[in-house]
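Data first, discussion second: the structure below is written as structure tokens.
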């Protein structure tokens with residue numbers, strides 16, 4: 001048993017006895033498990049001394065791993081113990097058996113990925129639709145009907161909207177000029193747009209010929225001629241020549257060059273079909289910020305500008321053209337905020353909850369302002385008290401230190417206090433109220449005179465003038481104001 005137990009010693013044995021058999025369990029690995037593992041290895045015709053080293057444990061793991069699916073419980077337990085021992089030899093801390101198995105699986109996955117990457121690097125680079133056959137020859141695979149159908153469907157539904165360009169770029173990955181012409185020929189309608197595209201291609205082909213003149217003299221044997229603009233466009237070159245240019249050493253990527261020309265023409269077409277300028281994209285008062293960002297970047301994609309200019313438009317116009325609510329939030333974030341931070345901060349702006357919160361904040365500010373104004377007004381209206389005893393300000397008579405004045409503090413007479421003083425004083429109209437005689441000064445003293453306008457003369461009695469006698473008689477008959485004749489007539 002001593003030989004079997006000598007697999008671990010010292011610190012490694014202590015680490016072995018700290019590892020649990022199951023996650024959260026009480027039982028831990030002991031020395032008896034090493035003895036049992038040695039006996040099981042002998043039963044499976046394996047050398048027990050392999051348990052003493054890291055490499056030996058790795059060999060045992062490789063040997064047992066292939067039999068795990070069909071093996072018994074004893075085999076699985078032996079495999080688990082060897083995996084734990086493998087990490088103990090490497091002095092890697094594991095808490096239980098499951099953690100050791102997870103680490104081993106992760107390690108094996110990384111190793112497999114590295115091997116696949118090495119194998120891929122050794123193989124010849126292959127770009128669809130040009131692939132390498134079994135004999136090692138580069139052959140062409142035509143675009144599938146599904147790819148062409150997807151392209152036609154995009155044109156029919158989107159009608160040269162900005163998202164057509166990335167769709168074309170994805171479908172034409174690695175395509176030859178012949179494949180690109182096939183995609184363009186499948187477009188049935190929009191012939192005006194296709195004519196614009198042809199004009200752009202011809203302009204770019206002429207520019208290519210100007211920048212790449214033909215070298216004088218014959219072409220050396222075994223060497224391909226240099227492609228002209230029409231060769232890149234696929235009108236004067238064969239499929240085999242295109243494949244040779246694309247796979248040669250050094251290669252001439254005629255497919256990628258032609259693809260750039262087409263995308264340049266598509267940008268002009270998208271600009272024509274989407275005349276809205278990026279400057280006109282502004283967020284509505286109640287429009288969600290997410291919808292505004294979608295419209296902004298959709299229009300930005302159609303802009304014919306460099307990436308630096310588009311980045312500047314995104315940093316400046318996206319904030320500048322937002323509504324006031326979002327603009328306040330975005331300016332508070334600062335110029336270095338990411339798009340994710342902007343959309344998170346402006347989420348819910350414009351909705352009923354946001355409006356209610358803004359209104360509550362405004363009302364709270366207005367209320368606090370009114371309270372502060374009231375407090376300040378009360379402070380400004382502080383009365384200045386005056387002492388009736390000495391006549392000085394700043395204290396009242398109760399607290400006056402001067403000798404008490406004798407008599408009434410108002411009239412100066414003795415025998416009564418100021419509250420009982422009958423000295424005449426002005427009423428609220430500013431008139432003196434006479435004491436003990438007559439009516440108060442705020443009552444009318446005389447009988448009011450009538451203030452009605454004189455009776456109008458309508459001209460009915462212009463020819464009749466009363467005689468002086470009648471006037472005198474009328475005056476005599478009029479009773480005095482204090483008489484009762486107006487009520488009882490001629491009653492004696």
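Numbering starts at 1 and runs along the chain as it is shown here.
Using the three backbone atoms N, Cα and C, a Cβ is placed for every residue, glycine included.
Looking at 63-67, 68-72, 73-77, 78-82, the range tied to region 'Interaction with membrane phosphatidylinositol 4,5-bisphosphate' in Swiss-Prot is 73-77. Sequence-distant contacts (6 or more apart, same chain, Cβ under 8 Å) of residue 404 (asymmetric dimethylarginine) comprise 389.
Long-range Cβ contacts of the region 'Interaction with host AP3D1' (12-19) within its own chain (Cβ-Cβ under 8 Å, at least 6 residues beyond either end) map to 28-31, 34, 84-85, 88-89, 91, 93-97, 100. For the region 'Interaction with membrane phosphatidylinositol 4,5-bisphosphate' (73-77), the DSSP-based tally of helix, strand and coil residues reads 5 helix, 0 strand, 0 coil.
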